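According to TrEMBL, the protein has these features:
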- ASP88: active site, nucleophile (ACT_SITE)
- ASP123, ALA194: substrate binding site (BINDING)
- CYS280, CYS282, CYS285: Zn(2+) binding site (BINDING)
- 579-653: domain 'PUA' (DOMAIN)
Amino acid sequence: MLEIKARDGLGRLGKLRINNKTIETPTIMPVLHPNPEKQTIPIDKIKKLTDVIITNSYIIYSNPRLKNTAEEKGIHKLIGFDKIIVTDSGSFQLSLYGSIDVDPLEIVQFQDRIGVDVGTILDIPTAPYVDREKAERDLEETLRRSKSAIELKEKNNYKMLLNGTIQGSTYMDLRRKSAEVMGKLNFDIYPIGAVVPLMENYHYKTVVDIILTSKEYLPTNKPIHLFGCGHPMLFALSVLLGCDLFDSAAYALYAKDDRYLTEHGTYHLTDLKDLSNFPCNCPICNEYSPRELFNMDKRNREQLLAEHNLYVTFEEINRIKESIKEGSLWELVELRCRSHPKLLEAYRQALKYIEFIEKFDPITKKSAFFYSGYESMFRPEVIRHKKRIHRIKFDKIYLSTVSRDVNKPYSENLNNLPSDVDILIKDDVFGLIPLNIDTIYPLSQNEIPELYDIEREHNKKFVEEFINKYKDKIMDIKTYNYYTSYYNSKENKNKVNKDVLRIDRMLQYQYGFKILDEGIIKNIVVKRSKNTGRIRNVLVIKDENEKEVLFTLRSHDNLLIPAKEGAKLLHKKIPFPKYRVVVDKSVQEFAKKGKSVYAKFVIDCDEELRPYEEVLVVNEEDELMGYGTTILNGRELMEFNYGVAVDMRGGVD
Ligand code: GUN
Ligand code: ZN
């Protein structure tokens, strides 16, 4: 029921189907009191902001009047909300009072009976840092309840979806076990539980460990809900780490305390009362001055503050969605993490999991890579380049440096002479940038400020290791000058076609294999644009007066996008299963016509694929059916069974 439409980091912009209603994720569910008289903001105003709310089934269950109405008319009538209603189970009350008066299966049955869209098991939220025996015992009980809840759901064919909460306190091996066991139980949504006390105490770093441990061992195709996270300051980082759903009681709880939320922290109304305007443009902040609100009676003030708090909460969600679309979520996170040192610490903790995160991070983005501090050195775009540079089979290497005033791409702004030597430029962030591939994202699509000396030390080890690995191929300046002067002489000038050499290196870097062999190289024609002078197309000469396009260089990232002949060439040169998505027989005819490949029909693939790579769609006999862009990575291609997997460019008949 989850389909990924766009992504960045582990973050995803998704379409989520719940009981025939579709919502866009990431999103936030405002927490409503089930008793309309106790709601801070009138339901009509909530309706305008959201398609999904969350309330508490245990409060309904424990109040005879609410229970009666819910059982007679259903929860949607009780709340006065006809879109998606999610309910919690009383677990939170359990964490507050130690025990509650309802049977774990009875509350699941009750949620289904009153027509809830997504219900929750009665999990045990174990507090942080309790002793291990308690954490283990609680988890065993939560897992027992989970199994019987799923059995109940399947036996009775519930229309209601079910939340299966991940517990395990602050023991990462228990969180892992929880994720592994729950992951096999076919819950519809996986909330991450018992993080509220950690967030209240600014232990964001531990929350990061919990989120990433859970993500690593949960199925990739299910939505993740971060239970109890309602402060907009925490959304960007949590989405980057793969959380899709949030709930907010914070908007109302903070308002009760005269606290004013912003996307980077909280103000008390007394600290704002002397400003002439609020630092916000929502309808409330436009209409009232801080002083007016300060002098207002408690009830009205609380409602208006809650409305503002909810506005900024949704505003931040919208900003996050936009940044996922344009591929700048990392930049937004790096900005947000400057709001509080504990958040920066949490971001740094997340970067320790970069090998895992990198597998999900798109290989290309619409917006440039911005360096915003030392943390940026550890981003997936950088880590990936430093691995993929070894995909190129270098023959002769010359290492060089350029001064800061030369603009990227260097290959367009340096006069390097013709030769068959690969020139690699030392780079403070990306380590080494081969001139022959330097137009590919993110090697020239980046902005890096002048760095501190200590930051410039960072890649020393990488460069040393590179030199060590390639020591037989690296030439000194004398040998390099000898080569260039040799190729620069009149009679030898045409011996190397620099453009073909460049395409050869770009293809190796993008696909990991040598695509242009000696046979085809002499028939390759590289076309440059008359306007920009940049390489646009790679063609192959078929016969005297016929050429066919193999690849087009996409302008914003300079990736080599195959045409049909290019796809055939890749298929011939790249060994199975690399760069392959294998589809079931039943959809072969669709694939051959270039129709989208749905995840359900993927039966095998290259497990190392990253999102947005150009892939070959084949059948089990490795016959080429078509080619396109994969939305999913290798692991997701196998785990998703809903939505589009490969956006096709064309079919091959
Ligand atoms: N709300 C906040 N934390 C939790 C939790 O751990 N479990 C449930 N069910 N609800 C919560
Ligand atoms: Zn406002």
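One-based numbering along the chain as shown.
Each Cβ is built from the backbone N, Cα and C atoms, and glycine gets one as well.
Keep in mind that what you see is a predicted model, and the values were worked out from it rather than measured.
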Spatial neighbour of CYS282 (Zn(2+) binding site) that is closest, considering only the recorded positions ASP88, ASP123, ALA194 and their CA atoms
ASP88
Counting Cβ atoms within 10 Å across all protein chains shown, which of the binding-site residues ALA194, CYS280, CYS282, CYS285 comes out on top?
ALA194
Within its own chain, what residues at least 6 apart in sequence put their Cβ under 8 Å from the Cβ of ASP123 (substrate binding site), listed in sequence order?
SER89, SER91, THR142, ARG145, SER146, GLY164, THR165, GLN167, GLY193
Those recorded positions, ASP88, ASP123, ALA194, CYS282: which ones have a Cβ sitting under 6 Å from ligand 2?
CYS282
Taking a cut-off of under 6 Å between Cβ and any atom of ligand 1, tell me which of the recorded positions ASP88, ASP123, ALA194, CYS280, CYS282, CYS285 pass.
ASP88, ASP123, ALA194
If H, G and I count as helix, E and B as strand, and all else as coil, what does DSSP give for the residue listed as 'active site, nucleophile'?
strand
Take every residue in the domain 'PUA' (579-653), average their pLDDT values, and give the whole-number result.
97
Cα separation, ASP88 (active site, nucleophile) to ALA194 (substrate binding site) (Å, whole number)
13
Counts by DSSP class (helix H/G/I, strand E/B, coil) across the domain 'PUA' (579-653):
17 helix, 30 strand, 28 coil
Counting across all protein chains shown, how many other Cβ atoms sit within 10 Å of the Cβ of the residue listed as 'active site, nucleophile'?
26
Around the Zn(2+) site formed by CYS280, CYS282, CYS285, list the extra residues of the same chain whose Cβ is within 8 Å of the site's Cβ centroid.
PHE278, PRO279, ASN281, PRO283, ILE284, ASN286, HIS308, TYR311, VAL312
Give the helix, strand or coil assignment DSSP yields for CYS285 (Zn(2+) binding site).
helix
DSSP on CYS280 (Zn(2+) binding site), three-state: which is it?
coil
How big is the gap, in Å, between the Cα of CYS285 (Zn(2+) binding site) and that of the residue listed as 'active site, nucleophile', rounded to a whole number?
32
Cα-Cα, CYS280 (Zn(2+) binding site) versus the residue listed as 'active site, nucleophile', nearest Å, comes out at 32
Please state whether DSSP places ALA194 (substrate binding site) in a helix, a strand or coil.
coil
